[in-house]
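Before I ask anything, here is the structure I am working with.
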């Protein structure tokens with residue numbers, strides 16, 4: 001067992017799976033899946049400095065709405081910077097901890113974080129092409145669904161890249177929102193979750 005596997009919640013060398021908090025959700029409910037860099041926080045390109053983390057203000061009400069209607073919030077993020085040797089799991093942990101801290105300060109709760117470090121240009125064990133956990137493959141969403149027993153067909157995904165949308169489609173999601181378009185993905189996601197509240 002590697003030192004990283006002892007120190008961090010690694011399900012395998014390139015896959016971080018962290019249950020945050022202890023909220024218990026009913027089986028068969030939808031979830032809100034979020035990309036991290038570029039969706040929750042400003043994407044600075046391979047973020048490895050916790051002191052430079054800045055939240056995207058638009059995402060705050062999205063997470064608050066999910067929390068208020070009782071949807072699990074799941075972060076699914078590709079982290080090829082680890083595979084490429086730009087930073088390690090320790091730096092990822094610090095940045096991710098800061099993201100969660102800033103969200104908590106805004107009364108936003110995240111329930112599960114999955115991060116995939118595999119990449120075809122990676123080093124050693126992380127140098128894997130088309131790994132099933134790396135978006136656009138749906139592996140992280142499927143793993144989250146197993147852990148939280150969520151209904152993928154009625155879940156939502158909000159991201160900033162086509163890989164996020166494609167991962168959602170491959171996992172069977174139909175409610176897919178990409179930030180930065182002509183229509184506010186954040187407002188559309190909120191409206192969709194408000195519909196769930198009324199059901």
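Including glycine, each Cβ sits where the backbone N, Cα and C put it.
Copied straight from TrEMBL:
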| type | residues | note |
| --- | --- | --- |
| ACT_SITE | 35 | active site, nucleophile |
| ACT_SITE | 37 | active site, proton donor |
| BINDING | 35, 36, 37, 43, 44, 45, 46, 77, 78, 79, 80, 134, 135, 161 | substrate binding site |
| BINDING | 35, 37, 160, 161 | Mg(2+) binding site |
| BINDING | 116 | Zn(2+) binding site |
| SITE | 77 | site 'Stabilizes the phosphoryl group' |
| SITE | 134 | site 'Contributes to substrate recognition' |
| SITE | 135 | site 'Stabilizes the phosphoryl group' |
Please report how many Å separate the Cα atom of residue 135 (substrate binding site) from that of the residue listed as 'active site, nucleophile', as a whole number.
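Taking the Cα atoms only, residue 135 (substrate binding site) lies 10 Å from the residue listed as 'active site, nucleophile'.
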Rounded to the nearest Å, what's the C-alpha distance separating the residue listed as 'active site, nucleophile' and residue 116 (Zn(2+) binding site)? Just drop the number here, would you?
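Their Cα atoms are separated by 12 Å.
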Radius 10 Å, atoms counted are CB only; among the recorded positions 35, 160, which position scores highest?
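Checking each of 35, 160, the winner is 35.
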Please list residues from the chain of residue 134 (site 'Contributes to substrate recognition') whose Cβ is under 8 angstroms from its Cβ, counting only those at least six apart in sequence.
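In sequence order, 78, 80, 116, 118, 119 meet the Cβ cut-off.
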Of 37, 44, 46, 160, 161, which is closest to residue 77 (site 'Stabilizes the phosphoryl group') if I measure between C-alpha atoms? They're all recorded positions.
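Out of the listed candidates, the nearest Cα belongs to 37.
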According to DSSP, which of helix, strand or coil covers residue 77 (site 'Stabilizes the phosphoryl group')?
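In the DSSP reduction, residue 77 (site 'Stabilizes the phosphoryl group') maps to strand.
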What does DSSP say about residue 44 (substrate binding site): helix, strand or coil?
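SS state of residue 44 (substrate binding site) = coil.
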Test of understanding: give the count of other CB atoms lying within 10 angstroms of the CB of residue 46 (substrate binding site).
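Taking all protein chains shown, residue 46 (substrate binding site) has 14 Cβ neighbours within 10 Å.
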Among all the protein chains here, how many other CB atoms are within 10 A of the CB of residue 80 (substrate binding site)?
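There are 18 of them.
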To the nearest whole angstrom, state the Cα distance for the pair residue 44 (substrate binding site) and residue 160 (Mg(2+) binding site).
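That comes out at 13 Å between the alpha carbons.
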